[in-house]
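> Handing you this structure, nothing more for now.
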Amino acid sequence: MGQRIHFVVDPQGWCCMGLIIFVWLYNTIFIPKVILFPHYEEGNISVVAVLCYYFCSLFCIASLFRASVADPGKLPENPKIPITERERWELCYKCNMMRPKRSHHCSRCGHCVRRMDHHCPWINNCVGEDNHWLFLQLCFYTQILSSYTLILDFCHYYYFLPLKKENWDVFVFRHELALLRISAFMGLIILGGISRLFYTQLMGIFTDTTSIEKMSNCCEDISRPRKPWQQTFSEVFGTHWKILWFIPFRQRQPLRVPYQFANHV
């Protein structure tokens, strides 16, 4: 089951996503050139540290691009409603179409999205049922990459041995301190913002509620059965294999939800 491409025409989203790509590109270019490669050549760090940084960087940008172009769960114009599930569908008064319960109409994209969590300008896309797992991976690997970058910035000045030879790049050598200060500043800003967002996303999965449902206070149904956290995470990531929750290079397969856990919100 291939994942459909979804492209949102939104200049504001393009600017936000372009800023994220700039920060990623900045650290991917200058951190290895200023810290990793010079210290590796002089034996201060191992090749494992260099490879780990590039793996984190690759997984981060892969999850970003996949989350931004993946179909979040857009409903077709004439959906076929199974007879056994008709009671779980409702009418959207904005686009005048039938949709499953827990769907939401995105005013920015102009259509309904299944189990929509929110519209994120940083990926220029909605976060819904089909790309929520990619958005979680993006938050996770962004935290890892930002933390790794901050640790390298700190170790370069306070832990690693001084470099014996000058950097061959004149621009990098002359502006080394400024480059690392900019890197540390961006790392702190992104780590602080993403950590808070990632925490709210995890709490939403644990409680089986979306961000929109929390804001509208429509999930106070005490009689609703509470799912185990393994079940809710497996539904989001599309697999019960926990190791696959961390891999962005795969296709998500929707899991069948037991009827006793059906959420009638």
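Cβ atoms are placed via backbone N, Cα and C, with glycine included.
TrEMBL entries are annotated by machine, without manual review.
TrEMBL feature annotations, pasted as is:
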DOMAIN    87-216  domain 'Palmitoyltransferase DHHC'
TRANSMEM  12-31  transmembrane segment
TRANSMEM  43-65  transmembrane segment
TRANSMEM  138-159  transmembrane segment
TRANSMEM  179-199  transmembrane segment
> Other than its close neighbours in sequence, what residues sit by the transmembrane segment (12-31), given a CB gap under 8 Å and a spacing of at least six beyond its ends?
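The answer is 53, 57, 60-61, 64, 68, 121-125, 145, 149, 152, 172, 179, 182-183, 186-187, 190.
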> Per DSSP, what is the helix/strand/coil residue tally across the domain 'Palmitoyltransferase DHHC' (87-216)?
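Going through the domain 'Palmitoyltransferase DHHC' (87-216) residue by residue, I get 71 helix, 20 strand, 39 coil.
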